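One structure, pasted below without further comment.
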Amino acid sequence: MLLKSIVALITAGLVAAAPASNSSSAGSPSYETTYAAGPPTVIVKNQCSKKLTVGHSVDVDYYGETTEVAPGDSVTLTIPMNWSGRVWGRENCSGKEDCYKSGMTSPASLAEFHFMDSGKVFYDISFVNGFNLPIVVEPVNKIDLKHGDASLCRTSTCTNLPTCPTEFQTFDDEGNFAGCKSACTHFKTDEYCCTGDYYSTEACSTYSWASDVKAACPDVYSYAFDDVNSAFMCTSNAYTVTFC
């Protein structure tokens, strides 16, 4: 699910949850305040045992830009202001077309971000289209912790991947496990993809695959309308995405 499409759903709840302040200057952070430390930045760390092909793209792009990151190394992505997009990593895919895809036909664990003009940044981990690697997303500067809201500046994590049903598993050309499809990308029906007549929170409910994902990784987006406990907000300009 595109992160932009959920921002409006959760913004009101986050604002309402924050306690009032007697200071007139203590309301929503300004654009200038958020990015005073620098431009929007995502630092991708490879803690896996193999080289990763790290990709990133804006929400509307099917393909993205990629770079190689050695085990134990990292890459810093400096991205445009007001950027909304996703970051992923893949093993064993150098030179292959699937390396550039952002998770629709070739499943990947996605870190999603939406840097807003207001200074707020929404972020999440999405397994809506499947997953492939353990992943952690964390704000570098947890400045919103002072508000006392558990949804502000939280670390979103999935370090132990859910069990992947045999029929959902994908493999690379050498027969190595490459990723796990979601029920949506496997069955490709409105019922599992929350599309068509199922495009609403009422019509699209959790199902076995989504429930299993949520049980293993409570922070993760398991299906398209899994908003309440899966999207987080902060005003840090920089975030780390750690694979493995």
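Backbone N, Cα and C define each Cβ position, glycine as well.
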Between Cys194, Cys204, Cys217, work out which one TrEMBL annotates as bonded to Cys158 by a disulfide.
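Disulfide partner per TrEMBL record: Cys217.
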Please work out, from what TrEMBL records, which of Cys93, Cys234, Cys244 forms the disulfide with Cys153.
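Looking through Cys93, Cys234, Cys244, the record in TrEMBL gives Cys234 as the partner of Cys153.
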Could you tell me which of Cys193, Cys194 is bonded to Cys184 by a disulfide, according to TrEMBL?
Cys193
So Cys180 is in a disulfide according to TrEMBL. Which of these is its partner: Cys164, Cys194?
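Matching partner in the record: Cys164.
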Can you figure out which of Cys153, Cys158, Cys244 (the disulfide-bonded residues) comes closest in space to Cys194 (disulfide bond), comparing Cα atoms?
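Nearest candidate: Cys158.
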According to DSSP, folded down to helix, strand and coil, what is Cys193 (disulfide bond)?
helix
CB neighbours of Cys217 (disulfide bond) within 10 A?
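So the Cβ neighbour count for Cys217 (disulfide bond) comes to 24.
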Express the distance between the Cα positions of Cys158 (disulfide bond) and Cys48 (disulfide bond) as a whole number of Å.
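Between the alpha carbons of Cys158 (disulfide bond) and Cys48 (disulfide bond) there are 14 Å.
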If you measure from the Cα of Cys204 (disulfide bond), which of the disulfide-bonded residues Cys48, Cys164, Cys184, Cys193, Cys234 is the nearest?
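So, spelling it out, the nearest of the disulfide-bonded residues is Cys193.
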Return the member of Cys153, Cys164, Cys217, Cys234 nearest to Cys184 (disulfide bond) in space, with distance defined Cα to Cα and candidates limited to these disulfide-bonded residues.
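It is Cys164, whose Cα lies nearest.
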